Each structure stands twice: as C-alpha cells, then as structure tokens.
Amino acid sequence: MATTVTPEPLTALSRWYLYAIHGYFCEVMFTAAWEFVVNCNWKFPGVTSVWALFIYGTCILIVERMYLCLKDRCNVLLRCIIYTLWTYFWEFGTGFLLRQFNACPWDYSEFKYNFMGLITAEYAVPWFCASFIVERLVIRNTLRLRFDEVAESGQAEERLDRGGGGRGGRRGRGARAGATSANGYVKVD
C-alpha cells in the first residue's frame with residue numbers, strides 16, 4: 001500500500017528563479033516589440049542584460065511578499081499602484097548602483113519625463129500592466145506549484161506501466177487521477 005506524501009511548496013530560491021526567467025523573457029520581448037513600434041524593425045531584436053535576472057527575480061520575489069501581505073487588505077488596483085511605485089524605486093536603486101560600476105544596461109535620458117536617465121514616467125502604464133500580469137498570472141500560479149517527491153524519477157512510473165500495475169492505457173483513472181503534473185517533477189494543486 002502506497003503512502004501519500006504531501007507535495008512541498010517551491011522554495012524561495014526556486015520561485016526567485018522562475019521570476020527571474022519570467023522577467024528576463026519579458027524584457028527581451030518588450031524590447032523587441034518596442035524596436036518594431038519605434039523603428040518598424042521586422043527582425044524584432046530583443047535585448048537585455050544578465051543583470052536583468054537578478055533585478056527581476058528579486059523585484060518579483062518582493063512583490064510576492066507584498067501580494068501576500070496586501071491581498072486581503074486592499075483591492076487589485078491599489079496593489080498594482082503600490083507594485084508600480086516599488087518597481088520605480090527598485091529600478092532607480094539598482095540602476096543607480098550599477099551605474100557606479102558603468103554597468104547599468106538602460107538609459108532613459110532621451111525620454112521627456114526621465115529622472116537621471118534611470119527611470120521615466122512614460123513607462124508608468126507598462127509597469128502598471130506588468131504588475132497586474134505578475135500578480136494575477138505569475139505570482140498566484142507560482143505559489144500554487146509544488147514539488148512532488150513521488151514523481152522525482154520518471155523511471156518509477158515507467159516500471160509500473162510496464163508491469164501492469166501503473167496507469168498504462170488507463171491514464172487519469174488511478175489514485176492520482178485528480179493530480180496534474182507539469183513535467184513529472186513539479187505538481188500543481
């Protein structure tokens with residue numbers, strides 16, 4: 001008789017990694033779209049810096065903490081305004097620090113409403129929309145992810161399938177029928 005193991009939530013480092021990859025990808029896609037809109041460049045050259053991994057991963061992990069503290073206290077509109085203000089603060093702080101080492105990958109000096117070339121008011125709406133997407137899609141779904149110790153090795157299921165004791169051709173009708181597995185290692189509630 002198999003014992004049930006409660007799946008573990010993702011660690012902070014695992015969530016940080018997912019947030020970093022998400023931010024990095026969005027940065028590349030945004031710069032590609034911006035290049036197309038501004039210069040009608042059909043090559044869609046999306047660019048970013050490796051620093052974006054640290055910047056986005058840490059920023060979104062902090063937004064996650066804010067979400068957990070604020071979700072029962074204020075509505076989504078107010079939360080997204082708070083996230084946007086935090087994003088400006090974080091972008092300015094990390095940009096200012098990186099500029100000390102000549103490593104800041106962005107410069108908003110050409111924008112009319114920039115401050116020290118590190119932040120610009122023209123990005124308020126995109127940052128607000130990004131905050132909404134991050135809360136509603138990224139953070140909420142990432143917090144639902146679980147490590148499933150049982151599915152650590154795909155070999156266990158293969159052996160059960162070959163021996164007739166597993167799900168085999170009856171996929172979805174076993175004891176784990178209600179569980180959904182993203183890739184055999186991560187389980188979503």
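Glycine too: its Cβ is placed from the backbone N, Cα and C atoms.
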On the question of membrane sidedness, does Swiss-Prot record Asp72 and Leu13 within identically named topological domains?
yes
Give the residue counts of the topological domain 'Cytoplasmic' (65-75) per reduced DSSP state, in the order helix, strand, coil.
6 helix, 0 strand, 5 coil
